[in-house]
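**Student:** First the structure, then my questions, so here it is.
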Amino acid sequence: MASGADSKGDDLSTAILKQKNRPNRLIVDEAINEDNSVVSLSQPKMDELQLFRGDTVLLKGKKRREAVCIVLSDDTCSDEKIRMNRVVRNNLRVHLGDVISIQPCPDVKYGKRIHVLPIDDTVEGITGNLFEVYLKPYFLEAYRPIRKGDIFLVRGGMRAVEFKVVETDPSPYCIVAPDTVIHCEGEPIKREDEEESLNEVGYDDIGGCRKQLAQIKEMVELPLRHPALFKAIGVKPPRGILLYGPPGTGKTLIARAVANETGAFFFLINGPEIMSKLAGESESNLRKAFEEAEKNAPAIIFIDELDAIAPKREKTHGEVERRIVSQLLTLMDGLKQRAHVIVMAATNRPNSIDPALRRFGRFDREVDIGIPDATGRLEILQIHTKNMKLADDVDLEQVANETHGHVGADLAALCSEAALQAIRKKMDLIDLEDETIDAEVMNSLAVTMDDFRWALSQSNPSALRETVVEVPQVTWEDIGGLEDVKRELQDLVQYPVEHPDKFLKFGMTPSKGVLFYGPPGCGKTLLAKAIANECQANFISIKGPELLTMWFGESEANVREIFDKARQAAPCVLFFDELDSIAKARGGNIGDGGGAADRVINQILTEMDGMSTKKNVFIIGATNRPDIIDPAILRPGRLDQLIYIPLPDEKSRVAILKANLRKSPVAKDVDLEFLAKMTNGFSGADLTEICQRACKLAIRESIESEIRRERERQTNPSAMEVEEDDPVPEIRRDHFEEAMRFARRSVSDNDIRKYEMFAQTLQQSRGFGSFRFPSGNQGGAGPSQGSGGGTGGSVYTEDNDDDLYG
């Protein structure tokens, strides 16, 4: 039942975004008739709207744009569509497939005079009289309706010229009759000024926050457009909206879009600009802004960076800030009832704003504009790429899935980076010195998926800029052996990120974390890196000792910050290396500054529990002293799975050697299996060291032989004409034999016994290996070895002391 209610509530919250179906709402379609003043409808639709052929109609498009046209009937047009050509579409700021409304406009007067100006780049190099060649034939006997602000295109004399209607009398629209005076004197209009008004932001240019847009629309547009609604129901319309969220999510953009779409007077106050050095002037600046807005109501006042002018009063030492906050409070209370002034503010630090501002009646609605999810990111990418030339192989959905934690600004940067990369590929054809670039080159430019791939590798989300989150370049192939551990990790991290639907189906929240423990040099850190790389999650690595600082309370704040960042960039893997340095058992360590270490542990414990389940944040801890870690961290729900990473057995050692030597040329007669057999008890790091040393020896030999050959060439130039082979083409057996002389085991048997004991005690405390349900359902056999049983049974079952590395 609850889910039904939820879905209903969901529908209501975005109800304002739905287009209402009315007979005069029509879908824009491409025109057959190329005339700029004509739109065509189907005959049944014209009858329904009571229009006749040749009537003047008023069309309303996006961003409050209007146009007047003559309507004709067209039998090929379907009932719900309206055909209009590109000029009309541009004047209405609509694209094909958008919805516009149409209404009859019977009282259009004949114009006394109109003033049109050409747009500069379309009249370059044209000689002769513009009026005679273009305007006169265009308007002759046509009785065209025009509206102030329209741009129309006239073809004639081999060229097409665009004109803009600057003024009409009577305003704002009229019909150009034969006796209308047409002025076309004056400077041509610059294209740039036109483009700017074309690039106004509308709701279509905002992706990834549908719900928030709906909230803002009902808070801003309803009171401004239909104040009677609120009067009828007897409540005061809301006064203020506070938009908050991480930087780059589009707070200022939303405010701009609202201003453009509502057509309200928009007054922008940038926080820091109000401040003035003269006493009392900062407040009067604020007062002036509010007075100005009230004069021009309906109006929207937008305060950007609110935290700059309204910080908490008890925290600030400056007298000016306090007075400004008080002034803002009184102004917002004293906005005359229904003065149709709405105050919007944006900040990315909502908690540093004076609490008096956040009560009802001032900023009563706080809209959290968060980091977009995958569908939101797809919307944003589509908006940014709608003017880009994309190759056919570009899969924006995949790009959206791979950009976890990116906000709108990051995605915009990603698109421009990809486009730049596409240009770089053609750089050999482009000459900077040339005046123009070949049209061929221009037309061949297209952004491919590879360009996006490259841009993806370059960009990281802005939420994580200071903790540089690199997805490591380590794959499963770099890790030899440890098959069971890899499986376990995939279950833990990859599945919740890649198949969240399965977890919903079985009603399970994914587990939060794992602890790797085992002797040093067995690849604990490497595993964590590989898992972050495999599932394309963000990866924050935290070195234990770095969290502790000398200042009181700072260490805990560091922990909080790290967890906040991880939540913002979810899915994210938090990797605590050397966990034992910050999570020692509490109470034992006397003498550290006021129990700082204990407080850090407490902070970590609360953060792990309080990690909201919606976010995919995983914690991986690694330690080689599991015995001194606080037991509270090891309980299920925090680090539920304890995975013992043993010394590699023979098979794993072969795999490690192979993984290490993947990129090196090795002689055929080097028997890695024999090498693995001989290195019993060596950890992964020790084996890597052997390989490195063998490589070093080969490199040294190669360099020395080159020097020797160079000397011989100098002493006897004639004899050395013959080009010799490379003296050391690959790593030979003797290099490995030499390297083995220096090889040593870094982990003693004693250490291993300690780990074995720890693993064994864990095993005993959860040893329900023989658990079976009573015989009714023979099928359900219990898990082979307690729920989190480490890496296969082999490690624990062998009792003989000789073979500790099974």
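We count from 1, first residue shown onward.
For all residues, glycine too, the Cβ spot is worked out from N, Cα and C.
Sequence annotations record features per position, and here Swiss-Prot assigns ATP 1 binding site to Pro247, Gly248, Thr249, Gly250, Lys251, Thr252, Leu253, Asn348, His384 based on similarity to another entry. According to Swiss-Prot, the feature ATP 2 binding site maps to Gly521, Cys522, Gly523, Lys524, Thr525, Leu526, an assignment based on similarity to another entry. Here Swiss-Prot flags 777-793 as compositional bias 'Gly residues'. Taken from Swiss-Prot, the feature SUMO2 cross-link covers Lys8, Lys18. What Swiss-Prot lists as N-acetylalanine is Ala2, and the listing cites similarity to another entry. Annotation comment: Swiss-Prot describes Ser7, Ser37, Ser702, Ser775, Ser787 (among others) as phosphoserine, evidence class similarity to another entry. Per Swiss-Prot, N6,N6,N6-trimethyllysine is recorded for Lys315. Under the heading N6-acetyllysine, Swiss-Prot lists Lys502, Lys505, Lys668, Lys754, citing similarity to another entry as support. As annotated by Swiss-Prot, N6-succinyllysine applies to Lys668, with the evidence given as similarity to another entry. The region 'Disordered' annotation in Swiss-Prot covers 708-727, 768-806. Sequence annotations record features per position, and here Swiss-Prot assigns region 'Interaction with UBXN6' to 797-806 based on similarity to another entry.
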**Student:** If I take the Cα of Ser37 (phosphoserine) as reference, which of the recorded positions Lys251, Lys505, Gly523, Ser702 has the closest Cα?
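**Tutor:** Nearest candidate: Lys251.
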**Student:** Out of Lys505, Leu526, Lys754, the recorded positions in the record, which is closest to Leu253 (ATP 1 binding site) when you go by Cα distance?
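**Tutor:** Out of the listed candidates, the nearest Cα belongs to Lys505.
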**Student:** Cα-Cα separation of Ser702 (phosphoserine) and Lys524 (ATP 2 binding site), in Å?
**Tutor:** 35
**Student:** Distance between Lys502 (N6-acetyllysine) and His384 (ATP 1 binding site) at the Cα atoms, whole Å?
**Tutor:** 33
**Student:** Among all protein chains shown, how many Cβ atoms are found within 10 Å of the Cβ of Thr525 (ATP 2 binding site), not counting that one?
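**Tutor:** Summing over all protein chains shown, Thr525 (ATP 2 binding site) has 18 other Cβ atoms within 10 Å.
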**Student:** To the nearest whole angstrom, what is the C-alpha distance linking the residue listed as 'N6-succinyllysine' and Cys522 (ATP 2 binding site)?
**Tutor:** 27
**Student:** Radius 10 Å, atoms counted are CB only; among the binding-site residues Pro247, Gly523, which position scores highest?
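**Tutor:** Counting Cβ neighbours within 10 Å, the top one is Gly523.
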**Student:** Rounded to the nearest Å, what's the C-alpha distance separating Pro247 (ATP 1 binding site) and the residue listed as 'N6,N6,N6-trimethyllysine'? Just drop the number here, would you?
**Tutor:** 23
**Student:** Could you tally the C-beta atoms, other than its own, that fall within 10 angstroms of the C-beta of Lys505 (N6-acetyllysine)?
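**Tutor:** Summing over all protein chains shown, Lys505 (N6-acetyllysine) has 9 other Cβ atoms within 10 Å.
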**Student:** Within the same chain, and leaving aside Gly521, Cys522, Gly523, Lys524, Thr525, Leu526, name every residue whose CB is within 8 angstroms of the centroid of the CB atoms belonging to the recorded ATP 2 site, in sequence order.
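**Tutor:** Those within range, site residues removed, are Phe516, Gly518, Pro520, Leu527, Ala622, Ile645, Gly684, Ala685.
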**Student:** With DSSP assignments reduced to helix, strand and coil, which class does Pro247 (ATP 1 binding site) get?
**Tutor:** coil
**Student:** Which state, by DSSP, holds Thr525 (ATP 2 binding site): helix, strand or coil?
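**Tutor:** Its secondary structure by DSSP: helix.
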**Student:** Determine, to the nearest whole angstrom, how far the Cα atom of Lys18 (SUMO2 cross-link) is from the Cα atom of Cys522 (ATP 2 binding site).
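**Tutor:** About 58 Å separate the Cα atoms of these two residues.
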**Student:** By CA distance, which of the recorded positions (Lys505, Thr525, Leu526) lies nearest to Lys251 (ATP 1 binding site)?
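**Tutor:** Minimum Cα distance from Lys251 (ATP 1 binding site) across Lys505, Thr525, Leu526 lands on Lys505.
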**Student:** Other Cβ atoms within 10 Å is the metric here; tell me which of the binding-site residues Leu253, Cys522, Leu526 scores highest.
**Tutor:** Cys522
**Student:** Relative to the Cα of the residue listed as 'N6,N6,N6-trimethyllysine', which of the recorded positions Gly521, Leu526, Lys754 has the closest Cα?
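**Tutor:** Answer for the nearest of the recorded positions: Leu526.
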